[in-house]
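K.L.:
Sharing the feature lines straight out of TrEMBL:
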DOMAIN    A:9-188  domain 'Thiamine phosphate synthase/TenI'
BINDING   A:Q38, A:L39, A:R40, A:E41, A:K42, A:N70, A:S108, A:K137  4-amino-2-methyl-5-(diphosphooxymethyl)pyrimidine binding site
BINDING   A:D71  Mg(2+) binding site
Number of protein chains: 2
Amino acid sequence: MRDPDFRYYLITDRKQCHPRPLTEVVKQACREGIKAVQLREKDLGGRALFALAGELREITRRWEARLFINDRTDVALAVGADGVHCRETGVSPARIKNLQSSLVVGSSVHSIEASRRAEKEGADFLLFGPVFYTASKAKYGAPQGIEALQEVVEAAAVPVFAVGGITPERAPQCRSAGAYGVAGISSVMPADSVEQQVNRWRSILHTL
Amino acid sequence: MRDPDFRYYLITDRKQCHPRPLTEVVKQACREGIKAVQLREKDLGGRALFALAGELREITRRWEARLFINDRTDVALAVGADGVHCRETGVSPARIKNLQSSLVVGSSVHSIEASRRAEKEGADFLLFGPVFYTASKAKYGAPQGIEALQEVVEAAAVPVFAVGGITPERAPQCRSAGAYGVAGISSVMPADSVEQQVNRWRSILHTL
């Protein structure tokens, strides 16, 4: 596929924006120009997840943003999402594309070996991390740092997004290391002003 | 759809058959005549679940048994399963049939209200329980008993399977209450001899 038409990849966590509804935060973010959203609410049962995905599809369609669904290709197919996001232990991108070839597939990877495998299996882009320390990713191990990010970027033929503790201050380092873009949860979800934060991202990345 | 062509619905739990591989136990069960298997391994990541589903599809196809996948329509579509099994909080049967109309959909229900909803949403059959006490279902509340089973059966236009602590000794009560069949994990998965246990079920139910 062509390179993704987004440089900031917003990952959801409705607990981090509580008590504001997730739909409200995503709507604000898309209105301010966010171009890609990944629905990632692992604890939701199927019924609630399908319903939420449908709402996010309406919002993202209205604002011309891409919608990815974490792990659940069935939910992606049901709501007409643009793609699926795979965990490192998740379904292989090839399986997903067998179900519907037009789905764009991103893959989270935590090592250079995993990034090679994901690419071989057809991932369109990779998320590599955690680059920096972040509470939500601490369980995936210690921060891997900028050098590891650079190694993965150099080994990969597909775009790599940096994830894990990426703040606007740290983003330029990631871009200098070759990251195509950045992804994150906690730099937008809990923001007092989603608008301001999205605009900070735009000025740091020179696009969204 | 037509009524299910099985009376015993085998639900998997690879932890209960450990250290024997689940595939081995399912193969033995199907070889002895089990006609329907539900893959239900909620803790498995997508990649492992897809792989296991593919193996069970080969086994069930070889022995002409139906294969259902718990919750994951994407896995069901990918491996060509016969159907999907919905949790009460899971995706609605209508959503699943929108993805592929030929999928047969069973729904777990724990109340008469839920059974009405599932039926209205297009469930082809229901699993009602827990009828008796069973460790794996204790979290779904106290045993509901034979009378509640009978009420659900009488209210439902689709076949109802009894689940939850169903042993060969207790199965005749469930059939007398109108249950179309029975479903279970722990009466087969951990059995010393899967063959003997399946044959006990056949003689109690007069079919499988």
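Every residue gets a Cβ built from N, Cα and C, even glycine.
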K.L.:
Please report the distance from the Cα of A:E41 (4-amino-2-methyl-5-(diphosphooxymethyl)pyrimidine binding site) to the Cα of A:D71 (Mg(2+) binding site), rounded to the nearest angstrom.
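P.N.:
Just about 10 Å between their Cα atoms.
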K.L.:
Provide the list of binding-site residues among A:Q38, A:K42, A:D71, A:S108 whose C-beta sits under 8 Å from chain B at the C-beta level, in sequence order; use 'none' for an empty result.
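P.N.:
Qualifying residues, whose Cβ lies under 8 Å from chain B: A:D71.
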K.L.:
Specify the secondary structure state of A:N70 (4-amino-2-methyl-5-(diphosphooxymethyl)pyrimidine binding site) as given by DSSP, simplified to three classes.
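P.N.:
A:N70 (4-amino-2-methyl-5-(diphosphooxymethyl)pyrimidine binding site) sits in a strand per DSSP.
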K.L.:
If you count other C-beta atoms within 10 angstroms, which of the binding-site residues A:Q38, A:N70, A:S108 is the most crowded?
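P.N.:
Answer by Cβ density within 10 Å: A:S108.
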K.L.:
Does DSSP put A:S108 (4-amino-2-methyl-5-(diphosphooxymethyl)pyrimidine binding site) in a helix, in a strand, or in coil?
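P.N.:
Where A:S108 (4-amino-2-methyl-5-(diphosphooxymethyl)pyrimidine binding site) sits, the three-state DSSP reduction gives strand.
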K.L.:
In whole Å, how far is A:D71 (Mg(2+) binding site) from A:L39 (4-amino-2-methyl-5-(diphosphooxymethyl)pyrimidine binding site) when you measure between their Cα atoms?
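P.N.:
One finds 9 Å between the Cα atoms of these residues.
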K.L.:
Among the binding-site residues listed here (A:R40, A:K42), identify the one with the smallest other-Cβ count within 10 Å.
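P.N.:
Looking at the binding-site residues A:R40, A:K42, the Cβ with the fewest others within 10 Å is that of A:K42.
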K.L.:
Going by a 10 angstroms cut-off between Cβ atoms, which of the binding-site residues A:E41, A:D71 has the sparsest surroundings?
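P.N.:
With the binding-site residues A:E41, A:D71, fewest surrounding Cβ atoms within 10 Å: A:E41.
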